[in-house]
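Undergrad: I'd like to ask some things about the structure below.
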């Protein structure tokens, strides 16, 4: 359980932010500023505390649904929507920090970027990163989103955009909605298949990365097939 102490000096978080700076405020104080007001029976700091007590760690905050937020007394539709918008904006800011890096320097660097984008998806997404000779990203493209009837992409779909972008190399990334990045037999088979197809066209398949919840698996780092 996410443990919180409600401090007496946290009663005026806006004033504390002005006096001390945002980095000196607790998580519940920062959230209270975003919520702005409480209700007659419950001060805003008590509401923010209850929200954070509903999660095991701050990393799970983004997983709260609108319905879960609205189940907390004092959080209506407007406040829940504002919270979700704030979380999405924070996610995009974090993503933009990664996007500033022109070159893909390591599988770990790319995996951390893609965990932010795909780690909480409920469906399987397969993304291709197309690069030039300097490993600079030409295009990032979602090739498909898995459905009940289809959960495997065809190499020709991936290579079509590689040729269109005149890419010299590519990296494949997909997520496991289960949260575990451990590869399946079909993941292994697909990786071998896409490598053969890339080799045939003179395109380098640098890696196939599987992302889960805060974890990743790199075929380049872990297996001997790329």
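Any Cβ shown, glycine's included, is placed from N, Cα and C.
The shown structure was predicted, so the numbers you read here are calculated from the model rather than taken from an experiment.
Swiss-Prot lists these features:
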type    : residues      : note
BINDING : 174, 176, 187 : Zn(2+) binding site
DOMAIN  : 103-225       : domain 'MPN'
MOTIF   : 174-187       : motif 'JAMM motif'
Undergrad: State the count of C-beta atoms found within 10 angstroms of the C-beta of residue 176 (Zn(2+) binding site), not counting that atom itself.
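TA: Its Cβ shell of radius 10 Å holds 22 other Cβ atoms.
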Undergrad: For the recorded Zn(2+) site, enumerate neighbouring residues of the same chain (Cβ within 8 Å of the Cβ centroid of 174, 176, 187, site residues themselves excluded), in sequence order.
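TA: Surrounding the site, in chain order, are 124, 175, 181, 183, 184, 210, 211.
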Undergrad: How many neighbouring Cβ atoms, not counting its own, are there within 10 Å of the Cβ of residue 187 (Zn(2+) binding site)?
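TA: Here the count is 18.
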Undergrad: Using a 10 Å radius around its CB, how many other CB atoms surround residue 174 (Zn(2+) binding site)?
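TA: Looking across every protein chain shown, the total is 25.
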Undergrad: List the helix, strand and coil residue totals of the domain 'MPN' (103-225) as derived from DSSP.
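TA: Helix/strand/coil tally for the domain 'MPN' (103-225): 43 helix, 36 strand, 44 coil.
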Undergrad: To what whole number does the mean pLDDT across the domain 'MPN' (103-225) round?
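TA: Taking every residue of the domain 'MPN' (103-225) together, the mean pLDDT is 90.
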